[in-house]
Structures are given as structure tokens and as C-alpha cells.
Amino acid sequence: MHQLIRKFVFTESHCLEEEDNTKSFAELFEKLDVNKDGKVDVSELKTGLAAMGFSMGKGEAQKIVTSGDTDKDEGLDFEEFSKYLKEHEKKLRLTFKSLDKNEDGRVDAKEIQQSLKDLGINLSDKDAEKILHSIDVDGTMTLDWNEWREHFLFNPAEDLQQIIRYWKKSTVLDIGDSLTIPDEFTEEEKTTGMWWKQLAAGGVAGAVSRTGTAPLDRMKVFMQVHSSKTNKISLVNGFKQMIKEGGVASLWRGNGVNVIKIAPETAIKFMAYEQYKKLLSKDGGKVQSHERFMAGSLAGATAQTAIYPMEVMKTRLTLRKTGQYSGMFDCAKKILRKEGVKAFYKGYVPNILGIIPYAGIDLAVYETLKNTWLSHYAKDTANPGVLVLLGCGTISSTCGQLASYPLALIRTRMQAMASMEGSEQVSMSKLVKKIMQKEGFFGLYRGILPNFMKVIPAVSISYVVYEYMRSGLGISK
């Protein structure tokens, strides 16, 4: 892999002499400095390495130049270039040594697996072998120092934590539902405080995303509650009815409480997840995949239990008529006075039951898509790139929604029934029977169209805002 880079930078010796090292860097620098102005800029670095067969991810060339550019002239002169490579090489050697558990000078799949486990990331044997295969040059299924250095010399990742972030499942993609397994943070991220910055960035991204797709979310709830075989509501007619009743601004009814509940739910879920992992683990806090899934599901149930009254208010505010409630507190006051405390937990059972199929299918589909990508395309790099990660996350979340949607519909109808005049208060099982008898199986999927329509814009908005927030909060890639 990358034969020209090996020719310029690497020798057969594991310990390059300082003068040989400098000479190799000088030859590489001359090759990259196409316009011969004595410095290598982002464009030259990217183009030159691509010509040598070294593919770089988005923004990696810029990050290398920014890291090494001490005089801030938007380019690396030879001194800056060689200094960056030498310092980066030292960091890579430390990482390699931390991986090489038995100190035999080679890293195998088991050592990669163990190192990631030490950082709180569980990896299957198959996944570890695939990542190893993507770096292994000589086909021995072990890595020596030269192979490791060759693969990561022009990758701005400086330590194992950054390298493993390629495939860490992130919950930044907010598609409006909160049933996912919480995000996983390494020990370094927890001790440096990076975790709260990532949660804050994700929270802001979710708020903007939900606001941007609120009209479609209101349409989904509207169709879940009011649409039936005898009262078919199309997207166009539904929007016309809502605008006629309350104006364009009415399309955002219920969005305020939907955004406000992000902060407490995220905080409770994260704290509960950490505690459940400790309770379920048998070996000093290191949890297996099934334990992680259980901890995530329990954390989701805990968070939902704590903020569920806000879920009920969101549904009521979304469906309200003009003048019915003056705001969130007025809504809470009227529900409490007319229906009592129990009303704040209507639909709680189907909501909790929906966590298992949603989270389980979300994780299973994500892992399947990830393994498919690794087995077919991870020949030169284990880095999937932004589009692949977004695609995997979107598809897996959508599949999870599809599986749990009937329970979500039952929950919404139970939340709304008490506020609808003349509606009969029934249990979850009776409501399912009633829908099946009157509308058939597809009656459980009323409102699925606007729900799916909001997935792509929601994911896109989440990602763009999250990246801006990462930059603003100084979160490293």
C-alpha cells in the first residue's frame, strides 16, 4: 500500500538515523511542493498524496497543515513539514507500544480488541480482524511498526482514542425520537470534560433539527390521532386544515416542549447509563455488548419515566385548538385540574415497550451495515467517511422506528384521548383490537409518511449544526 510513500519515508531498518530521516522527508517534501515555492499547502498535500495512492478523508489535509503551520502562512515549509512528521511519528510510536501488549514488536487482532476494551469499546473478533486487515500490508494478519506508521503518518489522528472514533456509534443524528442507546464515551473524553461538550453540541443540533421539521412532526401526530378509514387525511389537506384553523405559526405547535425536553432527557439518560453499566458489569466496569444494550435500554426507560409528563404535554399542545392553552404551564395546570396526576402518564406502557424493538433493531441494523461496509470496502482504510456513517445511522434509525411505530401510535392516541370530547378511555390492548377491527393492520401505521419524510432533512440539519457546534466548542475530530 502506498508504495511511493514507503520509498520516500520508510527503510528496512526499524530505527532510522536522524540524517536518513531528514533526507527521506526532504525527498518527499520536494515531491509534494509542486510549484516549488518552498512550502506545501493544503491543495498540494492533498493532490500529491492522492497521486501516490494515499487517500485522505475530508478535512484531514487541512488539519495536518494547521497543526504544523507555526508561522500561520497557510503552508508548511520544510522545517515545519519535517517537525510535524517527527512529532506525529513519536505519538504514533507511543500508540503502537500501548497496543503491543506482549511487547513482541507486532500487533495482532486480539491486542487491538483488548486495547479497545480497555477504553470501554467492545469489538467482536471479526471486526478486529477486519480493521487489522485494512492496515496489514504483508498479509501476515499482524502489524509491525512500519505498517502502523505507514498507515497513520498522514492521518491527523494522534492517539488510539481518535483512531477508534471512526466506528463509534454516535447518537447525534436526531430524527425526533429519543429511544436510542446513549452515546459511548472513552475514559479520556470523560476525564477531559469532552463528553459534556459533545452532549451539548448534540442537544443544540437536536433542537434546531426538531424545529426545522416540526410541521412534519405535527402532521404525523395529527394523522395518528384523527386519520381513519372514514376520515382519510392527506398531507396537503392536513396542512390546509391546520393553517386554516391557526395560521402558519400553528404548524410549530408543540415544538417548544419538544425542544425543552432534550436537555433533561439527555442528562438523565447519560447518568443512568453510566450507573446501569456499573451495576450490570462483572469485571471492573467493562461491559459486554448484551450488557451495554440492557444498560442503554434501562437508561432510556429511566429517562422516559422522568420526563414522560412532558411527552403528554407535547402531544396535547401539538393537537390543541386556537385558544385552548396559553402555553406549557397553562396546559399542565388544566390537565392536572381536570384529569389528575394519572393523566401525565397516559400511554406510558406502550412507550416503554417501544424502547426494546427500537433500540435493538437500530443497533442490529447498524452493526450489519457496518460489517457489510468493512467486508466489501475496507481495503485501504477503516475510516468509512461521513456519508457512510450518516447512511448507516439513518437507515438503522429508520428501521427501528418502523418496528416500534405501532406502539408509538398507540401511545399518542392514549395521550390524546382524554382531551377529545366524547372519546372512550380504553386500555392499550383494547385500543389495538379496536384499530385492527376498524382499520386493519395498516391502521397502526397512520402518519408514517410524514414521519419518514422528515428523516432526511432531520439528519442533514442535525449533522450540519453538530459540526458547527463541534468547531465552536473546540471538540477534536
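We number each residue from 1, going along the chain as drawn.
Glycine residues also receive a Cβ, built from the backbone N, Cα and C atoms like all the rest.
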Open item on the list: Is it true that Swiss-Prot lists ASP330 and LEU444 in the same topological domain, i.e. on one side of the membrane?
Closed with: yes
- [ ] Scan 318-335, 390-407, 408-425, 426-443 against Swiss-Prot and say which stretch is down as transmembrane segment.
- [x] 390-407
Open item on the list: Given that Swiss-Prot assigns ASP69, ASP71, ASP73 to the Ca(2+) 2 site, pick the one from GLU60, GLU80 that the record assigns to that site as well.
Closed with: GLU80
Task: Among the ranges 254-273, 297-310, 347-366, 390-407, the one whose Cβ pairs under 8 Å to the transmembrane segment (199-216) are most numerous - done: 254-273
TODO: Measuring CB to CB from ASN102 (Ca(2+) 3 binding site), give everything in the same chain under 8 Å that is also at least six residues away in sequence.
DONE: GLU111
Task: Spatial neighbours of the topological domain 'Mitochondrial matrix' (311-346) far in sequence, C-beta under 8 Å, 6+ residues away - done: 217-218, 221-222, 225, 245-246, 250, 253-254, 256-258, 260-261, 304, 412, 414-419
- [ ] Tell me whether GLU111 (Ca(2+) 3 binding site) sits in a helix, a strand or coil according to DSSP.
- [x] helix
Task: Stretch in 297-310, 347-366, 390-407, 447-466 most in contact with the transmembrane segment (254-273), if contact is a CB pair under 8 A - done: 297-310
Open item on the list: Quick check on the binding-site residues: of ASP100, ASP104, GLU111, whose CB has the lowest count of neighbouring CB atoms inside 10 Å?
Closed with: ASP104
TODO: Reduce the DSSP letter at ARG106 (Ca(2+) 3 binding site) to three states and note it down.
DONE: strand
- [ ] May I ask you to report the DSSP-based helix, strand or coil state of ASP100 (Ca(2+) 3 binding site)?
- [x] coil
